[in-house]
Structure formats: structure tokens, C-alpha cells
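*Asks:* After the C-alpha cells below, expect a handful of questions from me.
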Amino acid sequence: MTVINMKDVDLANKRVLIREDLNVPVKDGKVTSDARIRAALPTIKMALEAGAKVMVMSHLGRPTEGQYEEEYSLQPVATHIAGLLGQDVPLVKDWLDGVEVESGQLVLVENVRFNLGEKKDDEALSKKMAALCDVFVMDAFGTAHRAQASTHGVAKFAPIACAGPLLSAELEALEKALAKPARPMAAIVGGSKVSTKLTVLESLSDKVDQLIVGGGIANTFLAAAGFPVGKSLYEEDLIPQAKALMAKTSIPLPEDVVVATAFAPDAVATVKDAADVGPDDMILDIGPKAAAAFAALLEESQTIIWNGPVGVFEFDQFGGGTKALAMAIANSKGFSIAGGGDTLAAVDKYDIADQVSYISTGGGAFLEFVEGKVLPAVAMLESRAQN
């Protein structure tokens, strides 16, 4: 993959516009998980230390496009970055007509999704963004799969368009895991629906030696194998696809599960064999026997791709499975990549960030890369590098 790298561009006294993925959870005006912010900091610091006039942009949530909505303001993010850097980080609300910023100074510009035309990759909006800078840095792997004004259009029109260190590292790590993986290779795909991850499951089924499924996805596979799933979330219409996947690749199913009769923080957890799930039961985690069996597979693996928890780990009584797999990944001697929002929250919760080889900040982009799709923002950087 040939793109211009930010580290090879002279940034001194240049107006540098960096697109980061700072779409973090915010509650009561405070950032509750800052993994994506911390991942972006080295890029921001590198630009500041080079003497650049640094403007950072990102989206947050899904506001109504073209309208300011306070709950989606990046103010909590600006405050959080200021705390981490130990310097003021002003948030600029009306920024498309120009931003005042000095060399060595950082400003955050307000949520890109407040601008009409962002999602449609509007050309006029893209040109306004490009006019703000001498150098555009695409560093948001998490949005690289979307052709939008702040990820794709601006890269087309900026004087120089390059990849930031975070984006470059993401692409290198994913290529290492997918192009020439060390064997045996395992993947964990969790989440609520097979329908949203079907292409990922199909793509990985051709590559991996073991495909571990979790969450609501696993319930569809259990149903396909003839196990009772009670009132669990599952997709009956996708049972044929689940059967086809099980026929062509090794998808170990949990021999035991953790069930409850209600989905609630105080729900009582009961461990049952997979064959004994009752009509009123909801499967909310894999059981201890399954967790131990899957953990053993992971500890033997030389390459691990982890996307999605295997249970409702937000409630501790349904977090045992995800914790066991997280610890197995941490203990594995192989190359491991974790990606996707819920996955990052699990990495945080079980404090294994330092033991995972690479933590991908991308959710959808991570999955699309795994599927083998072209990421529009990366394709644009490649095309600019050639010209």
C-alpha cells in the first residue's frame, strides 16, 4: 500500500488539518472511555512538536446533519485532550470559513457531522475543508470505509494529503494478520446479529483454522445445530447460512451457557449445558466449560483476530466468557489484533491493552478490511501519492 506518510512531510509552520476518530462514549459531559483519544495523541503531539498549526476534526455520534446539537458537541473531548496534554485546547464552533491557530498550537473543530453534506462527500464542503490547510492528514482508520467530506473529499482537494502514523500502523498490522498470517489462526466474532457480520464470517471462514462465535451470533449457530435457545436473540432466517459456514470451517459451539430470564443489570445468572436451555431462558454468555475450551484454542493460536464480546460483559455476571477469552489472548504468544467498539471496552475493562499486539481503533472499517473491501479514504490517499 503506497501512501505518503505524515512523518515524511515537513510540517513546520504549516496549517495541518488532521482527521481523527474521536467518536468516544460521553456521559453527563464526560468522556467515559478514552482509548480512541489516547490512540490519536501521538499523531497530534508529533505535529505540534514539528511546529505545525494543528487543527483536529472528528465526528461524534449521529446528530441530524446540518444542525448543532449540544449532546453531540466535541466539547467534552476537547476538555479531555486538554487534560491529557496539559494545555488549552479551544473548540472552534464555526470553522469552515477559517480557523485562527498559531504554530505549535492545537485547536479542535466542532463535530464534522454538524455540516450539511458531510455524509454525502459534498464537493463544495470538501473544498472548504481543504482550503483550511496546507497538509491534510487522514489518521482515522475507524472512518476510512466511509467516503465522506472529512475523510475522502478533503483528501482529494488538499494541497498535500497523507496518512497519519495511526492509520499507517493500522494498515500494516491488518496486512500482517490477513496477508501472511502465522498458523494456527483463530478469529472471535461476537455481536448481536449474524446479518451485520455475515460477510465477515464468510471471509474469515476461508482464512482461519478456528472461528469462535459469540453473543447473539452464537445463538443463531446453536439453533442451526439443533440446540434450544429459548427466548434468546437469534435470527431464524439465517440458519441456512450458519449451517453452510459450519460445514466448511471449524466453528466450535459452547457446550455450556449462562442464562437468565430477564435482560437486566440485576438478572440472576444460571449456568446450563447448551442442551438444557429452557423455553424462558435467554443466553447471555458462554459457560465456564466453553470459556476454558475456547481459551485453550486461543492460547495455541499464532494469529488471533478479535471482534466483539461473547457475552453481555457490561453486566459482570455475564462477563465471565469475555474475560476468559481476553485473558487467553493476553497470554497468547501469537500476534493478536482486537478491533471494534465493544471489543475496545472489553480490552479496557479487563486491562489487557499492553498484552494485545495491536488494538485497532476501527469498527466498521476494521470489519470491511477483514472482508477484503477497498477503503475509500485509503484509496484516495493512494491516488494522491501517485500524482
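The count begins at 1 with the first shown residue.
In case you wondered, yes, glycine gets a Cβ from its N, Cα and C as well.
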*Asks:* Which of ARG36, ARG38 shares the substrate site with ASP21, LEU22, ASN23, HIS59, LEU60, GLY61, ARG62, ARG113, ARG146 per Swiss-Prot?
*Replies:* ARG36
*Asks:* Largest pairwise Cα distance, Å, within the listed substrate binders ASP21, LEU22, ASN23, ARG36, HIS59, LEU60, GLY61, ARG62, ARG113, ARG146?
*Replies:* 18
*Asks:* Using a 10 Å radius around its CB, how many other CB atoms surround LYS197 (ATP binding site)?
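*Replies:* The answer is 23.
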*Asks:* Take the C-alpha atoms of ASN23 (substrate binding site) and GLU314 (ATP binding site) and report the distance between them in angstrom, rounded.
*Replies:* 19
*Asks:* Which ones are near ASP21 (substrate binding site): of the binding-site residues GLY340, ASP342, THR343, which have a Cα within 10 Å?
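*Replies:* Of GLY340, ASP342, THR343, within range: none.
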